[in-house]
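Swiss-Prot has this to say about the protein:
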{"type": "BINDING", "residues": "Gly15, Ser16, Gly17, Lys18, Gly19, Thr20, Arg126, Val135, Tyr136, Thr199", "note": "ribonucleoside 5'-triphosphate binding site"}
{"type": "REGION", "residues": "35-64", "note": "region 'NMP'"}
{"type": "BINDING", "residues": "Ser36, Arg41, Leu62, Leu63, Val64, Gly89, Phe90, Pro91, Arg92, Gln96, Arg170", "note": "AMP binding site"}
{"type": "MOD_RES", "residues": "Lys60", "note": "N6-succinyllysine"}
{"type": "REGION", "residues": "125-162", "note": "region 'LID'"}
{"type": "MOD_RES", "residues": "Lys175", "note": "N6-acetyllysine"}
{"type": "MOD_RES", "residues": "Lys179", "note": "N6-acetyllysine"}
{"type": "MOD_RES", "residues": "Lys179", "note": "N6-succinyllysine"}
{"type": "MOD_RES", "residues": "Lys186", "note": "N6-acetyllysine"}
{"type": "MOD_RES", "residues": "Lys186", "note": "N6-succinyllysine"}
Amino acid sequence: MASKLLRAVILGPPGSGKGTVCERIAQNFGLQHLSSGHLLRENLKTNTEVGDVAKQYLEKGLLVPDHVITRLMMSELETRSAQHWLLDGFPRTLVQAEALDRICDVDLVISLNIPFETLKDRLSRRWIHPSSGRVYNLDFNPPQVLGVDDITGEPLVQQEDDKPEALAARLRRYKDAAKPVIELYKSRGVLHQFSGTETNRIWPYVYTLFSNKITPIQSKEAY
């Protein structure tokens, strides 16, 4: 088994269960889970230079452009150069993937393919704690008190773009941007696609895939 540092990426539309899969990979294999959404929230909260630039776009209801997200992630990855890591939410576009290429070779890419109806159902049951980014699902990860964050006691919200009428457009945007990224990694032989409606069914295959690349830190598979 290679002793080099593992560089992994997870791709998937909103509601695909990326966060859950990432947590399990981090727990079982000791990879640093680096979420672009989480890092963006941290930078917005602490008013960093890149956070202030991103805020200008978000306040106008615009997507944060590639060059801002890329700068945010490159800065974080520089500090993680001695660690195994797993990227979540980056790269989302071909421009971002090409920027990542300039600093490292990606060893492993997972793409989660979930049927639209499943995504719609999941997201209609999804509630967020805005300041931390904690995600709850009323079916399989409900808060202890309905509508309230477990840790802070602050109210949970449902994002506008999780609502069914916004989801189709959001999914189309994801697919359009992700298609060339998926093709790029497929052409390099590092892409592994998983289809299904249940994270627990996909997980054993993901676990086996990572076990072939890196020694688990748990003697037993953790769920």
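Keep in mind that glycine also has a Cβ here, set from the backbone N, Cα and C atoms.
Positions of the features from Swiss-Prot, shown on the structure.
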{"residue": "Gly15", "record": "ribonucleoside 5'-triphosphate binding site", "DSSP (3 states)": "coil"}
{"residue": "Ser36", "record": "AMP binding site", "DSSP (3 states)": "helix"}
{"residue": "Lys60", "record": "N6-succinyllysine", "DSSP (3 states)": "coil"}
{"residue": "Phe90", "record": "AMP binding site", "DSSP (3 states)": "coil"}
{"residue": "Tyr136", "record": "ribonucleoside 5'-triphosphate binding site", "DSSP (3 states)": "strand"}
{"residue": "Arg170", "record": "AMP binding site", "DSSP (3 states)": "helix"}
{"residue": "Lys175", "record": "N6-acetyllysine", "DSSP (3 states)": "helix"}
Within 10 Å of each Cβ, count the other Cβ atoms, then let me know which of the recorded positions Lys60, Arg126, Lys175 comes out lowest.
Lys60
Overall pLDDT of the region 'LID' (125-162), taken as the mean:
88
AMP site residues Ser36, Arg41, Leu62, Leu63, Val64, Gly89, Phe90, Pro91, Arg92, Gln96, Arg170: biggest Cα-Cα distance, Å?
20
Leu62 (AMP binding site) has how many other Cβ neighbours within 10 Å of its own Cβ?
9
For Gly17 (ribonucleoside 5'-triphosphate binding site), which residues of its chain lie six or more apart in sequence with Cβ-Cβ distance below 8 Å?
Leu112, Ile114, Arg122, Thr199, Ile202
At 10 angstroms around each C-beta, which of the recorded positions Arg92, Arg170, Lys179, Lys186 has the fewest other C-beta atoms nearby?
Lys179
Listed binding-site residues (Phe90, Tyr136), ranked by Cβ neighbours within 10 Å, top entry:
Phe90
